[in-house]
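What TrEMBL records for this protein:
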ACT_SITE  Lys78  active site, charge relay system
ACT_SITE  Ser168  active site, charge relay system
ACT_SITE  Ser192  active site, acyl-ester intermediate
DOMAIN    35-484  domain 'Amidase'
Amino acid sequence: MSASSAASRPAAAMLGMSIREVSQALRDGRVSATELCRKCINQIQRTLYLNAFITITEETAMEQAQRTDNRLRTGVLKDNFCTENIETTCASSMLKGYVPPFNATVVQKLLDQGAVLVGKTNLDEFAMGAGSTDGVFGPVRNPWSYTSLYREQSTEDPDSDWAITGGSSGGSAAAVASLSSFLALGSDTGGSTRNPGSLCGVVALKPTYSLLSRHGLIPLVNSMDVPGIMTRSVHDAATVLRILQGRDERDSTTVQAPSTPPSLPEHFDIRDICVGIPKEYHAPGLSKDTLAQWSRVADMFEQAGARVQEVSLPHTQHSIVCYHVLCCCEVASNMACFDGLEYGHCSKVDSSTDAMYATTRHEGFNSVVRRRILSGNYFLLKSNYKRYFVKAQQMRRLIAEDFKNVFRSGIDVLLTPTTLSDAARYSDFIQEDNQTRSAQEDVFTQPVNMAGLPAVTVPTALSHRGLPIGLQLIGQTLQDWKLLTVAQWMEQKVNFPIIHLHGESNERELNRSVRERTHTIGS
């Protein structure tokens, strides 16, 4: 097939390919790098109503595509990764107009391998949230809200009846799910890639803490932050992981990546695996659809010959409170640099340095960020330090020990839900405050960050509402490859459907309101 005939194929057919498939098409000359890049940018423009992007780097992307070879992979980044000469906002007024002079390490590694950056994606402000609804650029819409199955069940207008993406990396998940990109990077502090990955029906990997460099990732919680990988297949996630992993002299917490094969095995004997089912993860609020899928996949492992057994993680019940204390403490420390003196937003109030400092932070941060800063400073007061921070660190160690004890008993991976249910309607989701929503949505994901373990969410089925349900696999430290091998086996068995958007009705009007909030470079 010629490049011209490949270019004439429906965009969805080409954009729905895996990284491996599209790389082969590029090598065979069935499509050129610039044609593929143009298809991605066109798809972004067609789906602007999702509000997934803060910045579209059209001119930069086309220049990169012209220089690249058959290694090209179009990708997007959550807008809390530093990008040289491209605005990085963290979806906050505090950083509007901030243009970093360098690339984050993971960004540079992708570019060195021929990746093309087509845009930077929307998020909760400074990655604080579980819905991608609290950023200054507005909420992100779940692409599955615009499929025929979901729309046929709704009697309301698409502009008022739509589901959230989850967060805080909702823009990245929506970009991959809507076929606007083959891969996306998010950040994962308490589940911020796995949560939206599950709700948007994409594979989302949270690698072992220290396996990927955090240099250039604007920090939320240094001791838990990990760059996360989002793709449409487990094999693609493994491909990206191989590129990004390894020691970085700019991040002293990184470690040398363990030796791994060139790719995941095509055939794998699941009978060698023991799967643990944590009994504490039968949490209040777990939906019938999610529970049914959890049981179905556990049975699938058992019927294929894997050993499946119930295990206990007794300190999981304390994890949410522990995470809240530690998160707020580190947020208070990390946000101290945003003072209006060096970079970012600066208030026009100049009656005194103290007044300028206070007004800058009030104007630049939303109420969610300010609340976490205040809470963190309270927990760190001399009179409260041992009562809150030290106790939370002690509980964190016990949570990590629970996981170690389970894996020492012979368990290879843990199988759990990723979220309590499928994606909530936006109108329902915003009825509760950010802290309550985050506590509910992170119940299954954030213990992994406390322990520094690798975890991946794999889409398994659609709910009765036509929205994705994902399940989480948790692995042992630095055994990310083994985790992905099991995840690929699971992915092949569940046979999750490909997304089909419901046509373009109402899209033009929706796009018009979003275009004002999205910055396009080079259009």
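Including glycine, each Cβ sits where the backbone N, Cα and C put it.
Note that TrEMBL annotation is computational and uncurated.
The structure displayed is predicted, hence computed values, not measured ones.
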On average, what pLDDT score does this prediction assign to the domain 'Amidase' (35-484)?
95
Residues with Cβ closer than 8 Å to the Cβ of Ser168 (active site, charge relay system), same chain and 6+ apart in sequence?
Leu123, Asp124, Ala127, Met128, Gly129, Ala130, Ser132, Gly186, Ser187, Ser192, Pro196
Test of understanding: give the count of other CB atoms lying within 10 angstroms of the CB of Lys78 (active site, charge relay system).
33
Please work out the number of neighbouring Cβ atoms within 10 Å of the Cβ of Ser192 (active site, acyl-ester intermediate), leaving out its own Cβ.
39
